[in-house]
Amino acid sequence: MEKKQRKKVKKPMSETESNDLDDISCLFFQKGIMGLFLLISIFSLLLRVAVSLHSYSGAGTPPKFGDFEAQRHWMEITTNLPIKDWYFNTTNNDLSYWGLDYPPLTAYQSYFHGLFLKHFDPNSVSLFTSRGYETHFGKLLMRWTVLSSDLLIFFPAVLYFVLVNYGGNRSGGNKSDVAWHFAVILINPCLILTDHGHFQYNCISLGLTLGAVAAVLSQKDLLACVLFCLSLNHKQCDYMIERVADCYIYWTIVEVVGVASCLKMSAYYAPAFFSHLFGSCLRRKNPLLEVLKLGLTVLGTFAIVWWPFLHSRDAFFVVLSRLAPFERGIYEDYVANFWCSTSVLIKWKRLFTTNSLRFLSLVATILTFLPSTIQQIWSPSSEGFLYGLLNSSLAFYLFSFQVHEKSILLPLLPATLLAMELPGVLSMLLMHSALLSMFPLLCRDKMAVPYMALYMLSILLYLAPCGKQHIKKHLSSNDHEFLLLSFLSLYCLYQRKAMDVVKTIYINGIDMEVARAYVSNLPAGKLLYWIISQLNYAALVSHLSFCSKFVCVSGRD
């Protein structure tokens, strides 16, 4: 009898493991959260389908069309040419016509999607003759590739994050809170409009990043490294390429050092991942071994992804040169970041060379995310890691070199992950500011109708019973006026009535004489884009200061 009792004593798990499993099973099965996740997923999927019925980037605008044609052309190139010619200018690959300029994982994704198109509609990816291919069936297949990518990568990543975030002992949550958080992450209007309207595959890179975040929170560091490295190799990492190009000479000396420097400054989230994982390793029994394991995992993942292009140094650097958009300048269009907003007073492009601006943007970006990085190395915590993600991504968005409107998706991801932690008004206003920032881009794509519909839906989501309890404590009458002002500005922007926008801004306290000066010196469209960018810039800076303040004082879990 004693032996049997001893055997029974060995079987039970530790108290923390048992509690974690009990919390997860209770939350996701007994409380019916899985059913709510499926319902929210179906609704968000229908929203994506509805948006995909509208126009897209470059629809019916030859000769180069837009991003839709770029993605289709990459499928054409990857399915018809050998891999060694994908990034090289040849008789069969004219790089001046949407040449492949994204990292290798995007090329592999284009290859597999191209096989899908080739099976059902070979004409859609035939070499040369498929340029500008816009048949109804071809567009349907292209839309399906984005929907399937969303379902296979982003949706499971959201479930993984919420399961880890609410399933353990770190943070509890009732049924309505978890369901609302699901909805906030899945029904991200900026992501839906960009991927399923404008046409891109941001859901893949953001899904991989979200999976990496969940892996970090569940203390699966090696899995987090693999997923984050895959994310880096999917979307264009301008800042990474800049620094590698700057350090070309060092590659001739020590190539491994070049890879390491590349990883440290690779993307918007890299400082947060690096600082948290490094700080966690320093607190374990064998810090050197833990750091070595992470480093080998990162190098191994990059080596596998880049393997076809590592046969020679020249081939490798030709691919790198395709990823660096230096010729575009420090900013383009009217993005709500520091360089664009201050360009009205300081003509950056005239006063400084491209190399000088790259150095200035590097210094400004590092100084901005440095406090949160130091804090996470000194005292890593799960909550501090999430705030560090938001802080570093906003730092890159505001101060880095060559920022596009769509880059706002990067700080939006950690903002939605922190939707239950941030003061409600900040979370709501960042989403609102991001939508404002993307309006000029989506207006050019003739997507005003789905844009306005999702805009209203996002506000209703934040003012829902669960969201309203979280927000109404912080939402003042001034914030309501800000929302109303932005709607008026958007309406006037869509109608191209410049003076109406000036009047609405003047009501909010801007000097009319200054506004009139802009009217006399700028075309109406550019003036309106600039006004929208200023509204965004003010909201984003307030977020950045809040995150820096929190991360510097946050402690260990």
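Cβ coordinates come from backbone N, Cα and C, glycine included.
Just so you know, TrEMBL annotations never went through curation; they're auto-generated.
Among the features that TrEMBL reports, transmembrane segment is placed at 28-47, 144-166, 178-194, 248-270, 291-309, 359-378, 384-401, 408-435, 447-464.
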> Thinking of Cβ pairs under 8 Å, which stretch from 178-194, 291-309, 359-378, 408-435 has the most of them with the transmembrane segment (447-464)?
Replying inline: 178-194
>> Under 8 Å between C-beta atoms and at least six residues away from its ends: which parts of the chain pack against the transmembrane segment (291-309)?
In response: 83-84, 87, 103-105, 221-222, 225-226, 229-230, 233, 256, 259-260, 263, 277-278, 281, 315-316, 319
>> Checking distant contacts: for the transmembrane segment (144-166), what same-chain residues at least six beyond its ends satisfy Cβ-Cβ under 8 A?
In response: 24, 27-28, 37, 41, 45, 48-49, 52, 109, 113, 116-117, 172-173, 178, 181-182, 185-186, 195-196, 199-201, 203-204, 206-208, 210-211, 213-214, 217-218, 417
